[in-house]
Each structure stands twice: as structure tokens, then as C-alpha cells.
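Accompanying notes for the structure given below.
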Amino acid sequence: MDTTIATGTEENVWGGGNRPLGASYGKLMMWFFLLSDALTFSGFLVSYGFARFKFIDSWPIADEVFTHIPFFHGEYPMYYVAFMTFILIMSSVTMVLAVDAGHKMKQNKVIWYMFFTIVGGLIFLGSQAWEWSTFIKGESGGAIETKGGRILHFVDSNTGERIALGDFAKHSPSERIRLQRNEGTWFQSEGYLPSVSVKEVVDGFNATPNVVVRTETTDETGKGKVVLSRDESIKTMKGAKYVVEGANLVHNEYGHRMFADFFFFITGFHGFHVFTGVLINMIIFFNVVLGTYERRGHYEMVEKVGLYWHFVDLVWVFVFTFFYLV
Amino acid sequence: MAHGQNLAIFRGRLKFKSNVQKIWGVLVLLTIVTVVEVFLGISRPAIFEEHHFLGMKLLNWIFITLTLVKGYYITWDFMHMRDEKSSLRRAAIWTPVFLASYLIFILLFEADYVHNVLFQGGYVKWNF
């Protein structure tokens, strides 16, 4: 058996200079960052799954929650989110085209494709802001929360259609106004005052015999919620405690409050990624315009931010499925 | 990408002439998959709603499968995983896939157990 001594000129394990993964340092680090980020998002999505499986009988139906399109009235489930998904995929495509143009050292093409990518990202961010504001304001007509924390919706027992609180609540004159900070004894203030009070809703409910309660419990078909009879509704309404309009981290008019919590955290965390992605894309865009990578001789930086941008798209594909479809 | 580009998808059944053409081809594929998802999400055919597999509606399994298909093409073609060395591919893909599968497995089983204890056993009261 021969023993050989490395001379250092040929490639070997200890001599350095070899690249076992065939990628540059920066690209590898981007991949490993994305790997850790993927685990963070898995943590978020799986905990959402945990909450959902735990409350599987009373989870809100996403089709009923996200039904609006900007500038249009009426119910159009899913279309707007599908549009957002398509915008993000499209901006991913312009990003790959930018990377491809970078490999061919075509500066002008890279500039235009990066520009379209940034525009796509901004459209997505705007759409998400609109989605959030619709969700926070609430568009489904309000709900009653009971002492036990259950959410009650109201339907017309003749037609089976949802009724908004304002449609049957008995408007009684009240001097109750939102407490401002400068009027409170201890400088207290109120976040918001619902458009109707609990008393008005209960009075209106008792006076209108065709209004019945729709509970959070999913019915046997799995497509709808259990609607109570008038007698049971009256019994349930005795526990009425709050009027809930819209959603925040504590109350949620659409159903289980954890749905709103996860919605804010997951889409918020993803939106934050999109936001930073747009910022990084802008930095790289200006570098391309200034000719930094032309002088450097390669456009690898475009490829690296491209990886981040595609990852944001990848995560959205999963968020879309688990929040809006499943 | 230093090692040249692989221009075929579907295990070599569909070959593209250039990288740009492949990008548009993948976009068409992703769009078709998204349209199918949205169509199924709105129509919710009864046949997929009624049948269950491993405790979940068939429809949900279809959505998850289609999502994984989309994820595969985004990673392989947009993020150029197809052109990377297999060692990088395994390090960056199989690690999170393995860890996430494990997490999904333990947490969803636990959630199902908690649901059974709390709600089948009647230990939760909502009116007080």
C-alpha cells in the first residue's frame, strides 16, 4: 500500500478550493436561510392545523369569510384571493426572466423584469392590505358573542338567508357615545362602539319571530352550520354578552376567535416577507440600473434575491391552500 | 446553474427549446393547477366532499396534492433546483420536508386526541 502526500495543487478534501455543493457561498447561505424560514412557516401552519383539528366541529367556513372583491358588491368567494395568487406567480415569472437575462448579461432586460417584479409585489401588498381591512371591519352583518365565548349569527327562518344585526335590532334612543380619552375619569378610552347595543339586538330579536340563531357548529354535510329552532334560539340568546362587528385578536364575528388570530399572524408574517422582498428587490433594481453587476461581471445577486422572492411565492401557495381552500 | 440547464419537465416527456420558453411553460402549468383549485374550491363537488381518506375529505387531499405539485415546480424550475447538484438538493429540500412531515404527524394526531377528550367526553361547557 502506498502512502501519498497531497501536494496542494490537485483538488482534495483538505487542500481547499473544492465546492462539494457546486454553489457559491452566498447562494448556499440563501438556501439555508430559506430552509430555516420554511421551518418557521411550517410551525405556523401546523399550529393552525392543530387549532383547526381541535375545534374541527366549530371552525368557520373560509368561503363565507372572504367573499368580497374591491369595487364590487355581492358575494364572490375566492376570486380575489385567486387573483392575488396569480399576481404573485406572475411576479415570480418576471423574476426568473430577470435571472435568465442576467445570465446573458442583458442589463436592460434585467431592469425591466425587475421593475415588473416590484410592481407585482406592490399590487399583492395592496391587495393584502385591502383584505385585512375588510376582515377587520367585518362585512357579514355582525354577530352576538355569548358569555361562554360562542359566536351567534342570525338567519331568517323562512328563507334561510343571513340577516345583519342592524336589520332587526330595535333602535332605541340612547345617550351612550364612545368614550374619548379626555372624558374618562382615569383617561380611559374605548376602542370602538358597535353600531347597535346588546339590548337593542335582544329586543329586536324578541320582537321579530322569524329570526333564529345560527350556531358555530358545523352540520352533518360539513358545508353549513347548525340553525336552531325559535325556542332554542330564545334560550341561547339569554347568554348574549357582546355585539361583535369585524375581527381583532380578541373577538371575531366570523366564528372561532383563533381563526382570526391565525389569519393575522400567518398572512401578516407572510406579508412582512413580501414587504422586505419588495425592499430588497428595489435595492437590487437600483444596483442593476447603476451598472454594479455589469462591472462585477455577473448577476448572481439577482439570482439570490430571486430565490428569496420565489420562496415568498412558494409560501403563499401553501397559505392559500390551508386558509382559503381546505 | 453553472452546469448548464435542464430544459425538460415531466421526467423528460416535455422538452423546451430555451430557458425562457420553459419558464412560460411552467407558468401555464401553474395557472392551470390554480384554476382547477379555484374551480373545485367554489363548486365543491359532492363526490369529493362525501368520501374520506385517512380521516380527511377527498377534496382536501386533492387540494394538498395540487399544492405540492405547484410547490415542486416553483422550487425545481423557478428556484433552479433542477440544475443544482443532488447533494444541495437533498440538504435544502429533504431536511425541511422530513421535519415538517414529522411535525404534521405528531401535532395533528395530538389535536385529534384533544378534540376527542374535550368534546366527545363532554368536558367542555359553553354556557355558564
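Glycine is no exception: its Cβ is also placed from the backbone N, Cα and C atoms.
Per TrEMBL, domain 'Heme-copper oxidase subunit III family profile' is recorded for A:1-326. Model confidence over the domain 'Heme-copper oxidase subunit III family profile' (A:1-326) is summarised by a mean pLDDT of 88.
The transmembrane segment annotation in TrEMBL covers A:28-50 (among others).
Nonlocal intrachain contacts for the transmembrane segment (A:78-98), taken as residues 6+ away from its ends with a CB within less than 8 angstroms of a stretch CB, comprise 63, 66, 68-70, 109-110, 113-114, 116-117, 119-121, 123-124, 127-128, 131, 274, 302, 306, 309-310, 312-313, 316-317, 320, 324. As annotated by TrEMBL, transmembrane segment applies to A:78-98 (among others).
Summarising the annotation, TrEMBL assigns transmembrane segment to A:110-130 (among others).
Per TrEMBL, the feature transmembrane segment maps to A:262-293 (among others). Remote same-chain residues near the transmembrane segment (A:262-293) are listed as 37, 40-41, 44-45, 47-48, 51, 88, 102, 107, 110-111, 114-115, 117-118, 121-122, 124-125, 128, 131-132, 135, 247, 249, 299-302, 305, 308-309, 311-312, 315-316, 319, 323 (criterion: CB distance under 8 Å, separation of at least six residues from the stretch ends).
Sequence annotations record features per position, and here TrEMBL assigns transmembrane segment to A:305-325 (among others). Nonlocal intrachain contacts for the transmembrane segment (A:305-325), taken as residues 6+ away from its ends with a CB within less than 8 angstroms of a stretch CB, comprise 27, 30-31, 34, 37-38, 41, 45, 48-49, 62, 66, 78, 81, 84-85, 88-89, 91-92, 95-96, 98-99, 117, 121, 263, 266-267, 270, 273-274, 277, 280-281, 284.
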